[in-house]
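Visitor: Once you've had a glance at the structure underneath, I'll fire off some questions.
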Amino acid sequence: MVSGVRNRVERKLAAILAADIAGYSRLMGADEEGTLARLKAHRRELIDPKIAQHQGRIVKTTGDGMLAEFPSVVEAVQCAVEVQQAMFARNRDLQPDKRIVFRVGINLGDIIVDEGDVYGEGVNVAARLEALAEPGEVCVSQAVHDQVRDRLPSLTFEDRGEHSVKNIARPVRVFGVNFDNYAAPIAAPMAAVRLPSRALRAGIVAAGVALVVVCAGLWWQLGRTPPPARIGVTAPPGTSNSAAPAEASAPRLSIVVLPFANLSNDPEQDYFADGLTEDLTTDLSRISGSFVISRNTAFTYKGKPTDAKQVSRELGVRYVLEGSVRRSANQVRVNAQLIDGETGAHLWADRFDYQRGDLFQMQNEITARIARTLSLELVEAEGHRALRQRPNNPNAMDLVMRGTAIMNRTRQGDDLSEARRLFQETIRLDANMAPAWEGLAGTFLFNSRFSPSREEDLRQAGEAIERALTLDPKSALAHHMKATLHYQFGRLEQAVTEYETAISLDRNFANSYGMLGATKVILGQPQEAFEHVQKAIQISPRDSSLSVWQLFVGVANLHLGRDDEAVVWLRKSVDLNPRSSFGHLFLASALALAGQEAAARVEMAEFQRLNPGFTLGRFKAVEPSDRPAFVAQRQRVYEGLRQAGMPE
């Protein structure tokens with residue numbers, strides 16, 4: 001009798017990541033070629049490198065999905081979180097109907113491996129978890145939760161209970177991952193500052209050329225204090241329609257904050273929802289040119305079914321903000337959404353999760369985050385509206401909105417020139433419009449350190465800032481830019497004073513907090529930077545400048561001799577923004593000082609590719625500070641650059 005030999009089935013314990021694209025059929029139906037091109041770019045530039053970085057293996061892909069295997073559940077979760085965070089940043093500048101958003105599920109379980117593919121209940125559970133995740137979320141199983149909750153303390157988890165899912169015999173316990181403060185645990189000085197569970201990556205700040213190159217443009221945030229809104233006006237306070245006839249439609253940046261619904265089944269929690277509504281009404285009135293319906297009028301809609309388009313018509317506003325608050329045993333969840341009152345389209349939505357604690361502190365944090373995000377979303381929406389409605393006959397405010405939208409989105413090359421042209425055209429139409437002078441100043445300030453016409457750029461920036469302050473002495477933005485001008489000239493104590501003035505005028509001005517911390521580092525006082533940049537991240541945890549703040553964390557750690565921490569943060573920065581040349585520069589130094597010379601030389605090669613011929617001598621020549629403490633701290637950075645192969 002001849003007996004056959006049966007191949008032994010390979011079984012192993014592994015972490016399985018399942019992901020798919022939300023609304024894939026809709027995206028393909030609307031723009032098949034564009035969707036495929038964007039997906040390929042995300043795969044090539046972000047997703048595949050991230051999986052490899054975390055020792056994962058792509059098992060298979062489908063049109064709208066992917067399955068990956070990881071030997072470590074911690075690595076799998078870190079990979080998923082970092083991809084989701086980076087995807088948010090990559091989608092920020094796209095219209096909602098162009099955004100590719102993933103749902104991710106992760107399970108830890110026994111799997112069967114056969115010719116490179118994987119099978120078994122461990123795989124099926126991951127797929128079911130992915131289906132239970134909301135777009136942009138990561139959901140994990142009980143097994144994953146138990147393994148990573150203590151190993152990744154910067155993550156928090158929402159217990160969503162047990163779910164009976166298809167083809168799985170027992171109910172699956174599901175946990176949603178709150179990752180907005182991912183990687184927050186850093187050095188001891190940060191320990192005293194506690195971020196809410198939904199506040200994105202904590203950070204500190206560091207300086208050097210990168211501080212100026214990457215951060216000089218961070219000033220462009222809204223946050224001025226306009227005159228009080230008045231019901232019945234036909235244009236935002238302080239604007240002029242001299243360039244075009246006044247429109248009969250609702251004022252630009254006009255909005256009502258409807259009373260947030262209390263979904264807690266506890267009438268006693270109404271005070272929290274009402275307080276959130278009132279604070280948002282107040283904070284949104286600080287947006288430049290905003291027209292905000294008063295609290296008393298807004299509260300006439302409390303407890304009534306509302307239609308955003310009807311409310312828009314009744315109150316004469318373009319935008320409606322609505323939301324809800326739900327409190328469970330140990331959790332508070334706030335949902336908010338911004339609606340175009342003319343079309344009913346949802347322009348923006350987000351969810352904020354907090355552990356129960358100090359409700360008033362929580363209320364302040366939520367208000368600050370929503371107000372900061374909406375300031376950008378409203379201006380972006382107005383820029384698109386102006387271009388759509390009057391492409392060939394824009395008025396002065398249209399031009400400001402379009403220039404502002406460009407500066408919020410990108411500040412490079414032709415885009416920067418186009419924003420400057422728009423602001424100059426605005427001034428030609430109406431020289432008394434302060435936001436136009438502020439915008440113009442910003443176009444000269446950005447990247448001025450390496451401009452071939454640096455002195456002239458700074459001179460023109462200074463003139464524009466003074467004109468803006470003459471027109472609006474209480475403009476937080478203008479004071480912020482004046483501080484940045486002082487910073488550029490090395491007048492650091494004066495810069496600190498002006499940043500503090502900007503913050504006193506607008507408590508939600510994230511970039512003033514960030515730059516105040518940065519200036520402390522340039523003064524040779526990195527320990528004093530922590531609380532300021534933490535506040536910036538707390539206010540604007542999904543800021544387009546997040547990679548810059550991560551860069552600051554890394555450089556600050558370099559100054560403090562914390563090379564391993566520096567590598568972590570600088571790696572995150574360049575992953576989020578691979579075009580950040582000085583991210584690669586400082587990462588090269590950190591890697592060399594941490595004993596990873598081969599990796600350091602790879603990063604130095606990338607820096608040299610982005611900045612051909614740049615030497616250590618040139619780097620030293622443009623350093624922003626000659627303060628003894630800063631210079632002493634900087635020496636170890638130079639040594640790391642030498643080890644990484646930077647030419648003298």
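Any Cβ shown, glycine's included, is placed from N, Cα and C.
Relevant sequence annotations retrieved from TrEMBL are reproduced here:
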DOMAIN    15-130  domain 'Guanylate cyclase'
TRANSMEM  199-220  transmembrane segment
REPEAT    476-509  repeat 'TPR'
REPEAT    510-543  repeat 'TPR'
Visitor: If you run through the domain 'Guanylate cyclase' (15-130) with DSSP, how many residues end up as helix, strand and coil?
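Guide: Counts, helix then strand then coil: 61 helix, 34 strand, 21 coil.
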Visitor: Treating G and I as helix alongside H, and B as strand alongside E, what does DSSP give for the repeat 'TPR' (510-543) in helix, strand and coil?
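Guide: Breakdown, helix to coil: 27 helix, 0 strand, 7 coil.
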Visitor: Over the span of the repeat 'TPR' (476-509), count residues by DSSP class, listing helix, strand and coil in order.
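Guide: Split by secondary structure, the repeat 'TPR' (476-509) comes out as 27 helix, 0 strand, 7 coil.
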